[in-house]
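A quick write-up on the structure given underneath.
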Amino acid sequence: MGLSDGEWQIVLNIWGKVETDLAGHGQEVLIRLFKNHPETLDKFDKFKHLKTEDEMKGSEDLKKHGNTVLTALGGILKKKGHHEAELKPLAQSHATKHKIPVKYLEFISDAIIQVLQNKHSGDFHADTEAAMKKALELFRNDIAAKYKELGFQG
């Protein structure tokens, strides 16, 4: 289920727009994740106290974590599917330390798509959305395979 060179180029083009404000995009992705799936907030001790969208928007810690999440994802996307080295430590920490179910990775993938649609509607056409969804699915499938290797049933 790999992406063609053309699809990767589309993904990296839109990702270039994300990189102009990783922290802002990341914060928005996490806010959308927590609003759409409040149960995911339970996995984040640092953010459990944030109950409203305004509190989330005002949280520098949430913004920093959003930056961390999207920086890691960007590093993976830039590998165009050859992301074994980047994926292994991420899968390890998310399986053994954070215990993040694959389902939550689907939720955050949806949030990423929604934020891109919202912030970059003029550039986020059907082909862009399809390519990004495919790239995020590849990432999730590869994380799920690593989880299985680690014995995590997430």
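Quick reminder: no glycine exception, Cβ is built from N, Cα and C everywhere.
In Swiss-Prot this protein carries:
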type: DOMAIN; residues: 2-148; note: domain 'Globin'
type: MOD_RES; residues: SER4; note: phosphoserine
type: BINDING; residues: HIS65; note: nitrite binding site
type: BINDING; residues: HIS65; note: O2 binding site
type: MOD_RES; residues: THR68; note: phosphothreonine
type: BINDING; residues: HIS94; note: heme b binding site
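Distribution of Swiss-Prot features across the structure.
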| residue | record | DSSP (3 states) |
| --- | --- | --- |
| SER4 | phosphoserine | coil |
| HIS65 | nitrite binding site | helix |
| HIS94 | heme b binding site | helix |
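Fewest Cβ neighbours within 10 Å among the binding-site residues HIS65, HIS94: this applies to HIS65.
Neighbour list (THR68 (phosphothreonine), Cβ cut-off 8 Å, at least 6 residues apart, same chain): GLY26. The Cβ of SER4 (phosphoserine) has no same-chain neighbour under 8 Å that is 6 or more residues away in sequence.
Here the domain 'Globin' (2-148) has a mean pLDDT of 96 out of 100.
Here the CA atom of HIS94 (heme b binding site) lies 14 Å from the CA atom of HIS65 (nitrite binding site).
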